[in-house]
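Asker: The following block contains the structure, expressed as structure tokens.
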Amino acid sequence: MWPVAALFWALQFAVLNPLLAVLLVTLYDATPSQVGWALGAYNVGGFIASLAIPVLADRTGDYLRPLLVCAVAGVALVVVLAVTTSLPWAVAALVVLGGPPGVGSTLLFAQLRHEGAAPAQVIRTRAIVSFAWVVGPPLATLWTGVAGSPAALLLLAAVGVVNVVTALLLLRRRGSTAPAGAGAARPKLLAQLRGWSRWTTMTAFVLLQATNIATVTIASLFITRDLDSPLVWAGVVLGAAALLEIPALLVIGRLHGRASTASLLLTGFASGAVYYGTAALASHPWQLLALQPLNAWFFAVVAGVGLTVFQDAFASPGLASGLFTNTRRVGAILAGALIALLAGFPAPYRAVYGASAAVTALMAIGALVIVVAGARARTRSRAADPLRAPDRGPRPATPPATACTDDRKEHR
């Protein structure tokens, strides 16, 4: 049931996003300015929902009933969009009813953590989400192109109904049994937000997300203007990265129990630094294509291992998943600022890749320091206790941010 739920909750977002502007124009005759304001209001509503709903779910330790509410909201949104002809009412529905469906995946990951799922399972589930983002936009645009804009609402309704059914089935599977850990005391919200290491972790992943968004945003312009190549190359390069991300996540899921989190982060950040730095020097699009395995590994580490880092750093599963989701939203804002800031450079698009290489290299150095410090600590421990059994391999995931979990123990 989990794979189906993860797939369709990701499809809910992956299908709606590329169609939203088209629906506003074709169904409600929105002008470009109105489309911009409507999308802005929709994103604000989504941002608020992605923080408020998981935090409220943390208070009860129940993530499946809020998941059902979000699923019903998704179906209600389609109904309102189908029956109304007023743009203001459509925008109001997007703000009020459009935000909760975007939280579905966040609640699923929170429930997985709440049930004590291993990090490898979380990462494998994240691979399913990536698959949905690969097939969702092409499916949405193809369906709409063949059947028309009104038929797009039928596709959204079908996805929404499946989400309602899976939420009900997950609730039924749980039955009357209390959720695992429902009675466990957790630190208060403000207590979990204290600590420089937590804020350092959040800042680091915001910056890493910003590098990905910025380079994806300017990829088409970089290929057509700097590399003087056809636009189709941009689709090939970006498509290759998206497809390679899925097997990369599956491999990371298998490695997570054998290698430390810091080591996996180091490989990902180093891959990102090499990718961005080499891409900045590229002169042909095939060179970018050849570099995509590095790009896919980098983003798979950020998206997969990063989620488990947040789940270990924050005691409340909803807060952890919600904060991690919003690193991408905030990263998108920083990505726009980065592109604007580098616009005055002689080769602004190459400069974006160069700046991204510098950011990821800095993160790789930080991860390397953590790996070396951990190795030295284990060496000193073995030297102090020579009778102790030797290590039989890397320990389970210990993310950089877990240094701040001491205060969590005080609340237990």
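Backbone N, Cα and C define each Cβ position, glycine as well.
Dumping what TrEMBL says about this protein:
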type	residues	note
COMPBIAS	382-394	compositional bias 'Basic and acidic residues'
DOMAIN	1-378	domain 'Major facilitator superfamily (MFS) profile'
REGION	382-412	region 'Disordered'
TRANSMEM	37-56	transmembrane segment
TRANSMEM	63-83	transmembrane segment
TRANSMEM	89-110	transmembrane segment
TRANSMEM	122-145	transmembrane segment
TRANSMEM	151-171	transmembrane segment
TRANSMEM	204-224	transmembrane segment
TRANSMEM	230-252	transmembrane segment
TRANSMEM	264-284	transmembrane segment
TRANSMEM	296-315	transmembrane segment
TRANSMEM	327-345	transmembrane segment
TRANSMEM	351-373	transmembrane segment
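Tell me what's around each of these sites.
Answerer: Taken together, the residues of the domain 'Major facilitator superfamily (MFS) profile' (1-378) have an average pLDDT of 88.
Sequence-distant contacts of the transmembrane segment (264-284) (same chain, six or more residues past either end, CB-CB distance under 8 Å): 208, 211, 215, 227, 229, 252, 255-256, 291, 294-295, 297-302, 305, 309, 350-351, 353-354, 356-357, 360-361, 363-364, 367-368, 370-371, 399-400.
Remote same-chain residues near the transmembrane segment (327-345) are listed as 43, 46-47, 50, 202, 205-214, 217-218, 306, 351-352, 355 (criterion: CB distance under 8 Å, separation of at least six residues from the stretch ends).
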Asker: Contact between the transmembrane segment (122-145) and the transmembrane segment (296-315) is defined here as three or more C-beta pairs under 8 Å separated by at least 6 residues; is that satisfied?
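Answerer: In this chain the transmembrane segment (296-315) contacts the transmembrane segment (122-145) - 3 or more Cβ pairs sit under 8 Å.
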Asker: Against which stretches of its own chain does the transmembrane segment (151-171) lie, if we need a Cβ under 8 Å and a gap of at least six residues from its ends?
Answerer: 1, 4-5, 8-9, 11-12, 15-16, 19, 22-23, 64-65, 67-68, 70-72, 74-75, 77-79, 81-82, 101, 104, 111, 139-140, 143-144
